[in-house]
Amino acid sequence: MGFTMDEEVIFETPRELISIKRIKDIPRSKDTHVFAACITSDGYPLIGARRTSFAFQAILSQQNSDSIFRVSTKLLRFMYYNELREIFRRLRKGSINNIDPHFEELILLGGKLDKKESIKDCLRRELKEESDEHITVKEFGNVILKLTTSDKLFNKVYIGYCMACFINQSLEDLSHTSIYNVEIRKIKSLNDCINDDKYEYLSYIYNILINSK
């Protein structure tokens with residue numbers, strides 16, 4: 001699958017507008033975020049599910065009271081069931097309908113670059129932390145993708161950089177592990193998330209990086 005340096009591919013979901021572009025190098029700054037498109041030893045693409053949804057986290061950060069929630073109905077479909085129950089418990093008026101009990105906040109594994117570490121050292125550290133030390137890195141791919149995500153709900157733009165990461169563990173190895181990380185609740189195969197809004201662009205990212213090893 002070819003993907004030139006000048007080519008930009010755009011995906012849109014109900015919540016996001018995502019630009020994917022191949023670049024030569026990852027810039028180093030205090031705000032650089034890097035992510036790993038992890039592939040198991042038996043060839044499965046991995047994805048993380050956040051413990052808390054971005055929507056619920058944003059609501060909590062904007063509250064001035066412990067007892068009152070002010071929530072846009074547009075956010076409700078992007079929250080976990082237990083988060084919706086907490087909102088419902090605090091409602092003074094209105095109701096919550098059309099709850100999706102199967103919602104998951106899918107994310108690529110990775111995080112913010114520390115100024116004293118290399119890109120690969122950052123990814124090794126993040127994967128170790130987010131998997132509770134269950135994931136170890138075999139090798140990294142050579143292709144780098146720049147991901148520019150426009151969040152239509154919060155009117156914010158996020159930039160991250162992604163590369164393939166081939167790990168030593170199989171999907172079976174990871175399926176029997178429990179994760180207690182504060183951010184990640186589960187690591188699973190992207191193939192199990194075909195009905196998720198993010199599946200199309202995430203699978204595109206993996207296909208580009210895997211086929212460019």
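Glycine too: its Cβ is placed from the backbone N, Cα and C atoms.
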Swiss-Prot has Glu126, Glu130 down as binding Mg(2+); which of Glu83, Glu172, Glu183, Glu200 does it also list for that site?
Glu183
Of Asp151, Asp173, Asp192, Asp196, residue recorded by Swiss-Prot at the N(7)-methyl-GTP site of Glu16, Arg50:
Asp151
Confidence summary (mean pLDDT) of the motif 'Nudix box' (111-132)
95
For the motif 'Nudix box' (111-132), how many residues does DSSP put in helix, in strand and in coil?
12 helix, 2 strand, 8 coil
For Glu130 (Mg(2+) binding site), the one of Glu16, Arg50, Asp151 that lies nearest, given that the binding-site residues are compared by Cα
Arg50
Considering only the binding-site residues Glu16, Arg50, Asp151, which fall within 10 Å of Glu183 (Mg(2+) binding site) when distances are taken between Cα atoms?
Arg50
